[in-house]
Each structure stands twice: as structure tokens, then as C-alpha cells.
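Novice: Here it is: the structure, laid out below.
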Amino acid sequence: MAIRKYKPTTPGRRGSSVSDFAEITRSTPEKSLLRPLTKSGGRNAHGRITTRHRGGGHKRAYRVIDFRRLDKDGIPAKVAHIEYDPNRTANIALLHYVDGEKRYILAPKGVTQGTPIESGPTADIKPGNNLPLRNIPTGTTIHNVELRPGGGAKLARAAGMSIQLLGKEGPYATLRMPSGEIRRVDVRCRATVGEVGNAEQSNINWGKAGRMRWKGRRPTVRGVVMNPVDHPHGGGEGKTSGGRHPVSPWGQPEGRTRKPNRPSDKLIVRRRKTGKKR
């Protein structure tokens with residue numbers, strides 16, 4: 001993937017860029033793997049906003065991605081197409097299995113049209129192949145990693161993400177996460193070899209607010225320009241600074257967004273590095 005920069009022909013084009021989609025081989029998705037996707041606008045089942053700054057955007061269809069690949073052990077497949085997916089930053093690869101079934105997976109870096117793909121404990125250590133952690137050599141770069149055996153991949157699924165397998169001891173494998181956190185995961189969990197493709201996606205300059213609205217992203221308003229009824233930093237005469245340490249609209253101090261005392265915390269060997277010492 002390469003980034004194409006626009007010339008400043010209009011204010012919205014100035015500084016903006018777009019992917020050249022050179023890796024994409026087909027523009028229409030596989031119909032049998034599409035599902036309807038209803039927009040929530042950031043609301044839950046009670047109609048209350050649970051995620052701010054969401055709403056609008058272009059209509060999308062959900063592409064069903066195979067995050068398990070457990071039932072395809074020993075069945076060879078070949079990459080038929082690399083496609084764009086509007087629901088994620090990574091591209092997706094359409095696999096044609098020899099038994100006739102078609103499935104989508106996240107497109108790893110280096111996997112192109114015609115690349116053979118396989119799953120299972122005896123699969124080769126090549127990008128796109130899916131194996132249990134116990135069968136992957138130490139030091140290998142992996143992505144699409146499960147947290148629980150058979151639970152489906154949860155870690156390193158965004159464009160350009162990868163995890164390094166540091167070692168294996170007893171029933172656990174030690175992984176270095178993209179954030180720098182080091183944690184242990186059951187060796188029966190499965191992972192895909194290689195890193196997620198489309199890494200240049202993070203270098204795209206969106207250029208104007210309208211392109212973010214197409215993606216369903218609404219404006220993020222600063223608390224200091226709100227009224228006191230809307231935010232703890234609101235109000236004041238003129239451009240005031242807020243007069244207190246940064247907080248959320250509900251008064252919670254900024255940072256520390258991780259939920260404390262999660263059951264899986266006992267498997268964390270070393271925490272990620274944060275910007276501030278607390």
C-alpha cells in the first residue's frame with residue numbers, strides 16, 4: 001500500500017492524502033459473506049449514548065470474518081482476492097478452500113492473490129497460516145491472537161499490528177503486545193503468523209472534517225468551551241482555562257481508562273508504559 005497525496009486545489013484537499021488501494025484486487029464483496037449492519041449512533045439498547053462522537057456516515061454491509069479457523073485444520077486454501085473492508089483498518093483476504101467453502105480472514109502483510117494458506121498444528125510457519133501457540137517457534141511475529149482457547153482472535157487485529165512470542169513455559173506462552181505490555185496466554189490459544197497488512201493506513205491525512213463524517217465520526221467538543229451544566233470545565237468569563245485538572249464530563253480524572261482488578265490482570269507480567277508516572 002502507498003499513500004497518494006493531493007495537490008492543494010481546494011482548502012479541503014490541501015494536505016490530505018488517500019490510499020492508492022494497489023493491493024485491492026476486487027471491488028465487490030462476496031455476497032454469501034455479507035450481513036446487514038444497523039447503525040447505533042453510539043447508543044445502547046436503552047437509547048442512551050455509551051460512545052460519544054458517533055453517528056451518521058456511509059451505509060455499510062458487515063463482512064463476516066473467520067477469527068477462529070478451528071474447523072478448517074488440515075484443509076488447504078488459496079487467497080482468491082484482497083478486498084477493502086469499511087468496518088476495519090485492515091484489508092481482508094477471501095479464501096477459497098479445496099472443499100468449496102469461502103471465508104474472509106484479515107489480510108496479513110506479504111499475502112497476495114494466489115498465496116496458499118493452511119491452518120492446524122502441522123501448518124508451516126508462513127504469513128497467514130494459523131496454529132496453536134505451542135506449535136509456533138519462540139521469537140515469531142504473530143497477530144490475530146486468542147485470549148481463551150477456541151474463543152476467537154481478540155488481540156492485534158488492526159492494520160499494522162503484531163505481537164512477538166517471547167517464550168513458552170508450562171501451560172502459558174509469554175507475549176509482547178503492541179503497547180509494550182508483556183502478558184501470558186494459554187499455549188492452546190491460536191494465532192496467525194506474520195503481522196496485519198495495510199500498515200501505511202495510519203499515515204493517511206484525512207484533510208477535512210467531512211471525510212470523518214463519511215466514516216461516522218462526529219465532532220469532539222472541548223469541555224472549556226461548554227456551559228457549566230455540560231462539563232466541569234465549562235463556563236467562565238472569556239477564554240478561561242477550566243481552573244482544575246483535566247476531567248471527563250462526569251468528573252473522572254483524565255487517563256487511567258483501564259478497568260482495575262480484571263480477572264486477567266494476574267496474567268500480566270509487565271504493564272504497558274504510560275506517558276505519566278502515577
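Numbers here mean position along the shown chain, with the first residue as 1.
Glycine is no exception: its Cβ is also placed from the backbone N, Cα and C atoms.
Relevant sequence annotations retrieved from Swiss-Prot are reproduced here:
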| type | residues | note |
| --- | --- | --- |
| COMPBIAS | 45-57 | compositional bias 'Basic residues' |
| COMPBIAS | 269-278 | compositional bias 'Basic residues' |
| REGION | 1-20 | region 'Disordered' |
| REGION | 25-57 | region 'Disordered' |
| REGION | 224-278 | region 'Disordered' |
Novice: Same chain only, please: residues at least 6 beyond the ends of the compositional bias 'Basic residues' (45-57) with a C-beta under 8 Å from a C-beta of the stretch. Say none if there are none.
Specialist: 39, 213-220
Novice: Can you tell me how the residues of the compositional bias 'Basic residues' (45-57) break down into helix, strand and coil by DSSP?
Specialist: 0 helix, 2 strand, 11 coil
